[in-house]
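Data first, discussion second: the structure below is written as structure tokens.
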Amino acid sequence: MSKAQTAPTTPWQLYSIVVLDPINQHPKSDAIAGRLVISATRLVSHPQFLRLSLRVRCSIKEKENVKGNDELPPVLSGLKVDESEQTGSISKFENGLSSGNGIDEVGFDSNWPPWKNVPDRYKMIGTTALAFVICNMDKVNLSVAIIPMSHQFGWNSSVAGLVQSSFFWGYALSQLPGGWLAKIFGGRKVLEIGVLTWSLSTALVPFLAGYMPGLILSRILVGIGEGVSPSAATDLIARLIPLQERSRAVAFVFGGLSVGSVSGLLLAPPLIQNFGWESVFYIFGFLGIAWFAGFQFLDGQPSVPLKSFPDESKSESGYPNKKVTTPIKLQQLPAALKEVPWRGFFEYPPVWAMIYTHFCGSWGHYTCLSWLPTYFSEELNLNLTEAAWVSILPPLASIFVTSIASQLADNLISNGVDTTTVRKICQTIAFVSPAVCMTLSSVDLGLPPWEVVAILTSGLALSSFALSGLYCTHQDMSPEYASVLLGITNTVGAIPGIVGVALTGFLLDSTHSWSISLFAPSIFFYLTGTIVWLVFASSKPKTFSNNE
């Protein structure tokens, strides 16, 4: 029997003493076979009234066998059952204890649901990744539904572009507020509100499609809800996940975006074909609302407003310690905003390295996400069906690459490689790989279309190494302000979604060259971003202060 730890003597704590297989330790207790669970009542009164009322459950057979025993095993000595007290004290907690809050019936081990014994931090990371899957499903559904919507409402390309770009207005505006709110209230609360906001707004699109201001507002709200989610997830990871598991946690959560892109692009066409374009907004919106309802039952980071001051040191298990955790009242929010060391952020060169690197990565990602299907169709002469399926290949390959990159990064850190070195290696792979592949694609080498597709898919898939590079650096640098830092970098990173996509179309109309309009700007930003990252990036913990 494992040694029992001494429980604290505070009167507000619930104690449980579990005696397992006592016959292995005490030969005279043969009659008490199996498992006994002794649960104490919860005491909330003053310490001087502290008493322990015990309850022992066993089968009828065990009750009969125990009559002949004159002596209980030493482990139970000193624990007396007060029958008179049992009637009063135990009856008050009969329903709660019998429901599983401290008592297991003899012979029964409840392992349902299957994830019951999974650590809370893994449950939180898993559900956050699922939220990111739904996030990108709701982001890409319009890119498919915009075609039948344009036909029904008579939109030209400019109007369709306005509708699609309105998402990025809300996305860009919500980054910094989302990071600050996650810092103040905790990532869990911000994430669940964000999911509910974008899901309800998605479900309302069919009702507002005929009214342009309402439709644009709904897409802005979708952008706001999805915009706060990266900062909320970053805050959760920084609070819950140790350094040795951080790359895998970030990759698993943000890898949900790739899964969501693939799922959305696969599900949207048949849903539209069979049930109409409205169905994708109803169904995808409902998925987010169902996630929100289920998330309320998940244990993990508290939802109450918290202000945390993490210690730079780590506990023995490697998890971030918290020095102070105090409630924040709504009237204290303006003061809390002033406490954020904005000056310290912008005076630190590695923060600027993260900002520029995030901008460079987003330029390549958003322009390719928006224009690659057209490139495949017009430049490579693929039909629309082939172009749609080919567009799924980069995010599909990214899922595979992400798992390899995160495992590699965590193994290097666990083996003593400097964290900054690991982040620089991963981010360099994430930028140099697509730059090389785009260069090969833009040069006329006489390659058949499917080889060009394979080259571009490989480069864009390898860009997922950024999840173990740039996207981990916010938590490495400052777990306390990780969400705020991501809010800053992601705000700048959203600009290519507004400017880059439109500029690519303008250059394409002006030059009629995909190499100049799509690939050349991305190659430029990938290469300059690599140089800036290698020179200025750092993952060393930094204590920011307004007094610096």
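A Cβ is built for glycine as well, from the same backbone N, Cα and C atoms used for every other residue.
The annotation domain 'Major facilitator superfamily (MFS) profile' is assigned in TrEMBL to 124-540. Positions annotated as transmembrane segment by TrEMBL: 190-209, 249-268, 280-298, 351-372, 392-413, 453-472, 484-508, 514-536.
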Tertiary contacts of the transmembrane segment (453-472) (same chain, 6+ residues out, Cβ under 8 Å): 234, 246-247, 250-251, 254-255, 258, 354, 357-358, 361, 364-365, 368, 372, 376, 380, 390, 393-394, 397-398, 400-402, 405-406, 408-409, 422-431, 433-438, 440-441, 447, 486, 489, 533, 539
Contact ranking winner - 351-372, 392-413, 484-508 against the transmembrane segment (514-536), Cβ under 8 Å: 351-372
Beyond the flanks of the transmembrane segment (351-372) by at least 6 residues, Cβ under 8 Å: 143, 164, 345, 391, 394, 427, 430-431, 434, 456, 460, 463, 466, 470, 473-474, 477, 485, 488-490, 492-497, 500-501, 504-505, 508, 518, 521-522, 525-526, 528-529, 532-533, 535-538
Chain residues in Cβ proximity to the transmembrane segment (280-298) (below 8 Å; excluding those fewer than six residues from its ends, i.e. six or more beyond): 123-124, 127, 130-131, 134, 137-138, 141, 144-145, 192, 195-196, 198-206, 264, 267-268, 271-272
